[in-house]
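Worksheet: the structure to be examined is printed underneath.
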Amino acid sequence: MNEIGLIGLAVMGQNLALNIARKGYSVSVFNRTPEKAQEFMQNKVKDEQIKPYYDIKSFVESLKRPRKIILMVKAGKPVDDVIQELLPYLDKGDLIIDGGNSYFKDTSRRIKELEEKGILYLGMGVSGGEAGALHGPSLMPGGTQDAYEMVKDVLLKIAAQTEAGPCCTYVGNDSAGHFVKMVHNGIEYAIMQAIAEVYDVLRKVLKLSPEEIGEIFEKWNNGELNSFLMEISYKIMKYKDKETGKYLVDLILDEAEQKGTGKWTSQTSLDLGIPTPSLNLAVEARSLSFFKEERVQLAKRVTKIYPEIDIDKEKIIKDLENALLFSVFASFSQGLWVISEASKVFEYNIDLSEVLRIWKGGCIIRAKILDFLRDIIKENKENVNLLNSEKALSFLMDKIDSIKYITNLAKDFYLPTLVLNSSLDYFLSMIEENLPANLIQAQRDFFGAHTYRRIDKEGIFHTEWEAE
Ligand SMILES: NC(=O)c1ccc[n+]([C@@H]2O[C@H](COP(=O)([O-])OP(=O)(O)OC[C@H]3O[C@@H](n4cnc5c(N)ncnc54)[C@H](OP(=O)(O)O)[C@@H]3O)[C@@H](O)[C@H]2O)c1
């Protein structure tokens, strides 16, 4: 009898199965298309205790009770389909762990539906891609504490290990794990886009080659910007296409795809009423990129008059580094604010400091700056908006001239910098005592009698604007 079952042998499932087996657990695997399971067994599995099954019944029967089954299938309907297939063979007390990028509301529904049948369920965010799954991902499990206790040991062993402990913790109740993973992806979108915008300034304003940009990114990666995304970006810059000998990045079509987690983060933030402009604009930037044909046509129809200015290369590079740090901080800050609000609204009971700790290794947004963010949160556990900290304010104020300069420079060169702009505007909004929302309120009252409040007296007011 095997200790763990895993369904879904695409890239993530294969690597996670190998990781679990290499930590000394016996694993039963199943995949809808049997050829893929065969291929996996032939090409990837060596001495690991992994056994394939070709029908669900014998797969389930091969597992020790209470059974622990990890799903690594495509998010959405496939997860429901697999659960339905499993149900006839499961017993009360068995546990299903959904390790895919499921929408958190689906996870809440599944937890409830399965609880009624006596089946335990964990919604677990898994970050780190293929390599993370194999060598140690960041794991974000949520659900009941009882369910977590059943697989705690194995999860702690297979997760990435850092000096701050294994990158896995019990994230919180209900769909907390998938919620945190969703926001993790929203932050990931924003940081990727901010790096891309900085790259655009380096290549179009400073006219640097990918190799030169790679050198700059590599240097940044040795400093405050040290992170997985910076590291892969410098490696991408230096990579030459085997076929043509050209820099591969120059040959890649500029249409950024998305699977939906970034969009869900924005939709959810809007529902919760928490501002996440950097995360939202990163989604918009991907949407804009998809209108390639229109962009090509429109670019031909306008004349761009470029400024004749002296380029201070060293200054621009330093300001770009600061602007990127500013934007990365703003993106994390917005994402953490959403998580803390959701924790209250959905009663997840999430410990933000723990979330930051488990993002330190294995995952796509692992970064040196996480230690700084943890310091800020430690100062005040209730500090849901990181900007409230003195440390955060001085960090951002130190860099504000750089991001102002870079966003203006980009505009002079007709370059969009949606995430850099929105990070700056987010901060400017948050440090502005009087926003022009007074006029918005007046307009709403003018056309819709929506009423307004006043700064000089208490009460709710309406004005007959034209009659007066
Ligand atoms: N790729 C990444 O870097 C990454 C990172 C973190 C999280 N994730 C999440 O992890 C999960 C797995 O990702 P992935 O990239 O490895 O694979 P994927 O392309 O998202 O999903 C493919 C897997 O799902 C199975 N599947 C699809 N529809 C099914 C159905 N109706 N019934 C049963 N099985 C079905 C496929 O089986 P067949 O072989 O039969 O088609 C295959 O095993 C996803 O939720 C993904 O979003 C992915």
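Cβ atoms are placed via backbone N, Cα and C, with glycine included.
In TrEMBL, annotation is done automatically, which means it is predicted and not curated.
Note that this is a predicted model, so its numbers are computed, not measured.
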Statement: NADP(+) site partner of GLY8, LEU9, ALA10, VAL11, MET12, GLY13, ASN31, ARG32, THR33, VAL73, LYS74, ALA75 according to TrEMBL, chosen from ASN2, ASN19, ASN43, ASN101, is ASN101
Field: Co-listed substrate-binding residue [TrEMBL; alongside ASN101, SER127, GLY128, GLY129, HIS184, ASN185, TYR189, ARG286, ARG444, HIS450] among LYS219, LYS259, LYS315
entry: LYS259
- request: Find, among the binding-site residues listed as ASN31, THR33, ASN101, the one whose Cβ has the highest number of other Cβ atoms within 10 Å in the structure shown.
  value: ASN31
- request: Taking Cα atoms as reference points, rank the binding-site residues GLY8, MET12, ASN31 by distance from GLY128 (substrate binding site) and give the first.
  value: MET12
- request: Between the Cα atoms of ALA10 (NADP(+) binding site) and ARG286 (substrate binding site), find the distance and write it as a whole number of Å.
  value: 25
Query: Considering the recorded positions LYS74, LYS181, HIS184, ARG286, HIS450, which residue's Cβ sits among the greatest number of other Cβ atoms within 10 Å?
result: LYS181
Message: Using DSSP and collapsing to three states, where does GLU188 (active site, proton donor) fall: helix, strand or coil?
response: helix
